[in-house]
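Structure, as structure tokens:
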Amino acid sequence: MIENRPGLNLLAHLVLMLGVVIVALPVWVAFVASTHTATDFMSGTIPLWPGPYLLENYSRMLDAGVSTSGTPPVGTMMLNSLIMALLIACGKIAISITSAFAIVYFRFPFRNLAFWCIFITLMLPVEVRIVPTFQVVADLGMLNSYAGLSVPLIASATATFLFRQVFLTIPDELTEAARIDGAGPMKFFRDILIPLSRTNIAALFVILFIYGWNQYLWPLLITTSSDYYTIVAGIKRMADAVDGLPQWHLVMATAMLAMIPPVAVVIGMQRLFVKGLVETEK
Amino acid sequence: MKRTLFRNQLLPWLLLAPQLAITFVFFLWPAAQAVRQSFLREDAFGINTSFVGLANFKALWSSPEYLNSLQVTVVFAVSVTVLSMGLSLLLAVAVDRMIRSTSLYTTLLVWPYAVAPAVAGILWWFIFNPTIGVMPYFLDTIGYDWNHISSKSDAMTLVVIASAWKQISYNFLFFVAGLQSIPASLREAAAIDGAGPVRRFFDITLPLLSPTTFFLLVVNIVYAMFDTFGVIDATTEGGPAQATNILVYKVYFDGFVGQNLGSSAAQSVILMLIVIALTVVQFRYVEKKVAY
């Protein structure tokens, strides 16, 4: 702040409060809706304050779900989402950290070609090549499996780039010292590189967890058995099924449950989240 | 470049193998398939395929539906980008004035990043639900009859709001970082020279913020074109009358629902070219740091 202008400060606070309200509005409305019963929507508009059915609606969704929509209990779907998000986050980190190590610390024939093969995936979001990718996964018999949910989304140029940047900033003297002490490449990788990039790994994990949890189109396509439905994809099936019946309170309870884990991660690990967000884009 | 290297020849390939294998099987091979299929046409029963050259692409350029989808995508991407970046810049400038409450406001503004696009769509769909929603109720009192199920412009407004809402937190974080990297001495000097807050914003802050703005411009366009699939599918499903049928949704719809593989593949190829162009633009100009 350059000079003290109380008027402008007040205006800034007003702008920010309005922003917070706009940002929170849809979630508040969903929360309120999830604490009422179906009959409360009959009057024409939804109520603006929470009702008394919070525990009843949420426990019903977690344990049983909406049987008419053909979706499993929300608890099952959340577990599937959790497994998918963890597999994607850990898988991406594991394969990118080793390939970045190979690219930075070794000279071998076709090194540049390998680098470009990885680089090009940055340019091909799954939505763009959805039909042929689906065919590949179907041919490999990976429909309705956790492998099918996660492996095709694992290859990532961004994570490889991030680790490449991190490794390039690690001083050569450390590598020399390790070699003089007789450490081979894998010992150097395990005992020096991984500990030094610990915070980067954690920051990347936060971003990738959110990315994995929020996947929508891919799980929607490759899961036909309700055992493997994820919550973000399942919520749409639920909303479609209840379109005729006014069961919005249950859909909104599911929406809240779909939001809580990733939002909790962002708020709880805000510092790592911001670090991860900024690093993966650089 | 590293001066100290390890000399093994086999080990780097073993380390690269998992990523290269996944990249080849799930990225390069399908992309090549898309390119191949875009030159083929299958008959109605999927028995015979014949090479048709560029016919699929020509058919797209003369298809009113595809041209409509192209137009819808441009309107949608520009609206989402302008709305989301405008609001975020306003909030970031406001937070930049704060001394003690910065982190509180930041926490309250960043969490929508974690909400899935499909869930964001469902939330706004509910708020704007013509029979029980909150917004149509208020709009009705000022005499506007909201109905995104039948009105094209209402449907577009809905998906733009839902998509822009989710992106506010991302833009906000990058704008705040950009603002903080502008040296305070520049603004102080301008203040001493008698420039007021508005003049300082337009003559100093905005030009020096241009690298961030440009970067966000590309990221937001990519977001609006490709990551908003969930928003569209959870709300309008491209309707009414194709009013919100953006390109990435049409690829999916023609390929999976319409089973028109040749056309869908040709659309995939066009989208890939657009993504590659955007990526190149980003790498070219972000490196150069747009500034005056």
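The chain as shown is numbered from 1 upward.
Cβ atoms here come from the backbone N, Cα and C positions, even for glycine.
TrEMBL annotations: computationally assigned, not manually curated.
If you look up TrEMBL, you'll see A:78-269 marked as domain 'ABC transmembrane type-1'. Among the features that TrEMBL reports, transmembrane segment is placed at A:12-33, A:82-106, A:113-131, A:143-163, A:192-213, A:248-267.
The transmembrane segment (A:12-33) makes no contact with the transmembrane segment (A:192-213): fewer than 3 of their CB pairs lie within 8 A, with pairs spaced 6 or more apart in sequence.
If you look at the transmembrane segment (A:82-106), the same-chain residues 6 or more away from its ends with a CB under 8 A from one of its CBs are 114-115, 118, 146, 149-151, 153-156, 159-164, 166-168, 175, 185, 188-189, 193-194, 197, 201, 204-205, 208-213, 215, 219, 230, 261. If one looks beyond the transmembrane segment (A:113-131) by at least 6 residues along the same chain, the residues whose Cβ comes under 8 Å of a Cβ in the stretch are 99, 102-103, 152-153, 155-158, 160-161, 217-218, 221. Within its own chain, the transmembrane segment (A:143-163) has Cβ neighbours under 8 Å at 80, 83-84, 87-88, 91-93, 95-97, 99-101, 103, 118-122, 126, 133, 136-137, 197, 200, 204, 208, 212, 215, 218-219, 222-225, 227-228, 230, 279-280, counting only residues six or more beyond its boundaries.
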